[in-house]
Amino acid sequence: MVSKSLGVGVMTGAAGTGGNSSSGAPLLEMRGIVKTFPGVRALDGVDLDVRAGEVHCLLGQNGAGKSTLIKVLAGAHQPDGGRIEWRGEPVSLSNPQAAMKHGIATIYQELDLVSGLTVADNIFLGRERSRFGLARPAPANDAAGKLLARLGHPEIRPTAEAGSLPAAAQQMVSIARALSQDAKLIVMDEPSAVLDNEEVQHLFEVIRDITRDGVAVVYISHRLEEIREVGDRITVLKDGRTVATGLPVRDTTTRQVIELMTGRDIEFVFPDRRPVADAEPLLSVRDLGLRGTFRDVSFDVRPGEVVGLAGLVGSGRSEILETVYGARRATSGTVTVAGRRLRHGSVAAAVSAGVGLAPEERKSQALLLGDAVYRNISIASLARFVRGGFLSGGPEKEAAREQVQALDVRPADVTREVRTLSGGNQQKVVLARWLLRDCRVLLLDEPTRGVDVGARSEIYALVRELADRGVAVVVVSSEIPEVLGLADRVLVISDGSVVAQEPADALDEHAVLDLVMEGTVDPHRRADRKHATAQQHEGDVA
Amino acid sequence: MTGSTVTTGGAGAPAPAKDRSPDGNGKGPGFMAGPAGRLLGLVVAFALLCVVGAVTAPDRFVDIDNVLTILRLAAVVGVVSIGMTFVIIGGGIDLSVGALVALSSVWATTLATQQMAEDFHWIVMVFTAIAVGAGAGLVNGIVIAYGRLVAFIATLAMLVSARGLAEIIANRRTQIVQDQGFLDFFGGDVLGVPSLVVIWALVSVAGWVLLNRTTFGRHTFAVGGNAEAARLAGIRVQWHTLKLYVLSGVTCGIAAVMLMARTTTGVSTHGTLMELQAIAAVVIGGTLLVGGRGTIVGTVLGVLILITLGNVFVLNNLSSSAQAVVQGLIIVLAVLLQTRLAEGRGGFGWLTGSRSGRGESSSGGPVAGGTPAGAVSGGTSTPGAPGGDRPGTGSTP
């Protein structure tokens with residue numbers, strides 16, 4: 001979809017052109033950074049260079065490697081390969097303390113303040129000023145007050161408890177902490193995610209202010225319009241690689257950025273769809289709502305059909321799935337499985353009606369990591385292995401073995417601890433759990449998160465095979481191509497409501513992106529897009 | 001015990017460092033880390049202890065009466081420890097067991113109960129004791145599972161109030177067991193083995209079957225190992241948690257009956273500090289305090305080690321204070337070893353100062369803290385990394 005030449009062209013275009021407020025040698029230079037986790041190559045040769053005094057934006061879809069990269073930068077992860085130069089000198093950031101000593105501070109999305117301590121305590125945490133072993137709050141409070149005033153937030157009292165502050169103020173405290181450590185580079189991981197519009201503007205002022213003093217900021221955000229407003233240069237990551245680095249913001253169009261983010265080197269092979277028989281829906285969701293999260297969600301899934309939910313993080317897509325499953329208690333609407341209405345907020349009811357969920361966070365929400373594979377598979381269907389009140393291990397292992405073979409879990413050893421498997425095989429274990437239970441409705445939340453690129457097509461084929469066997473499948477994914485390739489029908493979720501519901505082949509990635517960014521993309525252009533998509537579709541048909 | 005919400009994770013951040021599994025290609029943790037290895041270690045420790053006993057007090061230690069004394073002493077704690085094993089594997093803790101033993105013993109020996117026993121059968125006393133234990137366990141369970149109180153606090157409160165209630169009922173007096181049938185039955189022996197020891201054996205076997213051969217046992221591992229995963233697999237986590245505390249209460253009732261038979265009394269000071277002994281035995285036996293792992297056989301060995309240790313000290317005329325000090329050391333050692341073994345780091349590496357496993361070696365060696373044990377040893381999460389904290393996955397809210 002993306003022309004290779006575009007990426008290359010942009011990259012060469014960027015080389016040599018200076019950012020608007022920076023000059024000289026880069027403050028930070030990362031070359032060929034590689035980081036692998038068991039079963040996943042999270043970073044596969046990432047380059048990044050940041051100059052003093054600039055706002056460098058890091059872009060990429062979920063799973064592109066942004067978070068891993070900033071953890072490398074923060075000293076929380078050690079790279080397996082590559083080179084990091086800091087002010088022209090090679091450095092090794094072997095732990096967070098080392099990174100901090102060099103002047104690299106990271107402000108994580110989940111703010112890491114100690115909520116029971118005061119603002120001043122938090123700012124000087126680990127570097128408390130004391131005399132004869134006694135803390136001296138007065139000078140600390142003083143210094144904290146000055147820092148916050150410099151950031152334009154004199155209203156934050158240094159003696160206030162950090163946990164009692166709103167998110168925006170907590171963020172300012174984090175920034176103040178970074179500045180108090182004399183940071184030369186501040187990494188901000190989606191700082192705007194927790195802020196409202198006005199607070200974002202405030203944050204931008206602070207960012208402009210500190211960069212004027214020569215501090216560099218690496219800014220991560222999903223919102224392209226923010227980057228346009230505050231950023232100097234852009235680096236785009238995709239599938240663990242740098243696809244473009246050092247693009248000047250002002251010379252790069254939003255369209256180019258989106259294409260860099262979404263274009264793929266690896267075309268995933270999606271299995272062919274079969275026409276879905278015109279049957280009664282197996283899963284029927286009506287006007288489902290969860291107060292404060294989403295509302296009025298209605299859709300049907302027939303046997304053999306795959307329905308996809310597309311949307312940004314925070315749009316409510318995962319919550320919809322969890323509410324259908326009963327893991328969250330719906331505040332309105334109904335969920336019906338094969339004509340039987342499910343009790344709200346009861347997972348047990350959903351499971352006994354034949355619904356299974358493969359949750360987003362496999363390790364924390366689905367697996368008993370220290371347990372054997374077969375025990376993970378059988379946990380939802382133990383009742384069928386009970387003979388005269390006792391579990392019989394033989395049939396249980398045998399049944400698990402059959403599933404392991406059918407799904408090609410490797411290694412095919414059911415007594416192995418599940419923690420030793422790769423992400424893709426762990427996902428297969430979760431699927432095996434529900435297959436063993438003969439479930440009729442399968443809810444998949446991010447089915448390929450943390451799954452190696454090679455293993456993804458296997459998961460896709462598996463999902464399609466299940467559908468062909470008559471299972472009704474609902475897939476949530478933040479990777480739009482995945483939803484489009486896998487699903488028969490797609491619901492686009494934005495801000496807690498369904499904004500579109502169309503057959504998958506009537507949509508393309510850009511159309512979905514535009515839809516999910518509704519409200520941030522100007523409506524005129526969106527209408528344009530829709531129009532274009534429709535035309536394209538017609539063209540396809542002809 | 002589950003959190004009320006399910007986190008959806010932020011912006012696709014990869015799992016935090018402490019969440020990752022050790023290398024997928026290598027063999028699992030070494031043999032010593034496996035359940036069989038851990039039990040073997042316990043057997044060796046127990047055997048060593050016996051050797052020490054036999055060497056330091058040759059005549060008195062190796063004596064059938066002494067062996068029976070050890071077993072009889074171990075039996076009461078042993079039964080309580082079985083219930084405790086379930087609670088701890090299920091991710092909880094029960095501090096109230098000693099107090100429940102006292103309450104059950106007092107309630108079962110009141111004049112009214114003994115009168116009924118006389119009119120009908122001494123089995124009334126047994127049922128009373130077990131019912132009281134189960135009832136108190138039910139209260140624990142309701143408060144913890146549905147009131148979402150931390151188990152530590154809920155059972156601590158029960159510890160205090162159950163013993164208080166026992167004092168009120170007994171009016172701080174020692175109540176003598178009058179029924180000779182009761183004393184004959186529980187004070188007697190079966191083929192030379194004291195009844196108390198037989199009961200302990202039966203409870204242990206029943207516990208083993210329940211833990212390893214029933215859905216209940218499997219659910220216990222699941223709830224303690226990952227409550228959120230258990231909930232999303234359709235297990236009714238709260239209901240199961242409640243049952244665990246009732247089970248613990250039942251074992252307290254049984255233990256109360258045994259104690260009544262051994263001492264011929266019911267008194268509000270019965271079972272003092274028994275919670276500590278039981279927890280120590282369970283932990284020495286290799287059950288993880290954070291839940292999800294543990295064995296009945298380990299617990300039985302843990303009880304034997306603890307009681308035999310006391311016996312060796314007494315036979316050598318050492319003070320009970322010295323014994324307490326050594327017991328404490330053994331508990332710490334046991335947990336340290338356990339944690340290291342569970343992390344698959346070969347056991348003694350930490351003694352020789354090899355700390356490489358602590359960070360993340362770039363060679364992809366076993367990553368520290370990948371196991372639930374990481375939570376016990378603490379400090380394995382990398383400072384500065386965003387807390388990978390997910391409500392509802394912890395063993396306690």
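For all residues, glycine too, the Cβ spot is worked out from N, Cα and C.
The compositional bias 'Low complexity' annotation in TrEMBL covers B:1-16 (among others).
According to TrEMBL, the feature region 'Disordered' maps to B:1-28 (among others).
Marked as transmembrane segment by TrEMBL: B:39-57 (among others).
Taken from TrEMBL, the feature transmembrane segment applies to B:69-89 (among others). Taking Cβ pairs closer than 8 Å, the transmembrane segment (B:69-89) reaches residues 97, 101, 151, 194, 196-197, 199-200, 203-204, 207, 210-211, 220-221, 224, 244-245, 247-252, 254-255, 258-259, 262, 271, 274, 277-279, 281-283, 285, 287-289, 291-296, 299-300, 302-304, 306-308, 310-311 in its own chain, all 6 or more past its ends.
What TrEMBL records for B:95-113 (among others) is transmembrane segment. Residues 76, 80, 83-84, 124-126, 128-130, 132-133, 136-137, 140, 152, 155-156, 158-163, 165-166, 169-170, 175-177, 248-249, 251-253, 255-257, 259-260, 265-276, 278 of the same chain sit 6 or more residues outside the transmembrane segment (B:95-113) yet have a Cβ under 8 Å from a Cβ within it.
Residues annotated as transmembrane segment in TrEMBL: B:120-143 (among others).
Taken from TrEMBL, the feature transmembrane segment applies to B:149-170 (among others). Non-local neighbours of the transmembrane segment (B:149-170) in the same chain are 87, 92-96, 98-100, 102-103, 105-107, 110, 136, 139-140, 143, 266-268, 275, 396-397; each lies 6+ residues outside the stretch with a CB under 8 Å from one of its CB atoms.
Residues annotated as transmembrane segment in TrEMBL: B:190-211 (among others).
Annotation source TrEMBL lists transmembrane segment at B:242-261 (among others).
Marked as transmembrane segment by TrEMBL: B:296-315 (among others).
Feature annotation from TrEMBL assigns transmembrane segment to B:322-341 (among others).
Look at TrEMBL and you will find B:352-397 (among others) tagged as region 'Disordered'.
Sequence annotations record features per position, and here TrEMBL assigns compositional bias 'Low complexity' to B:353-365 (among others).
Residues annotated as compositional bias 'Low complexity' in TrEMBL: B:373-384 (among others).
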Field: Stretch contact, the transmembrane segment (B:242-261) with the transmembrane segment (B:190-211), Cβ-Cβ under 8 Å, 3+ pairs
entry: yes
- prompt: So are the transmembrane segment (B:296-315) and the transmembrane segment (B:39-57) touching or not, going by 3+ C-beta pairs under 8 A with a sequence gap of 6 or more?
  reply: yes
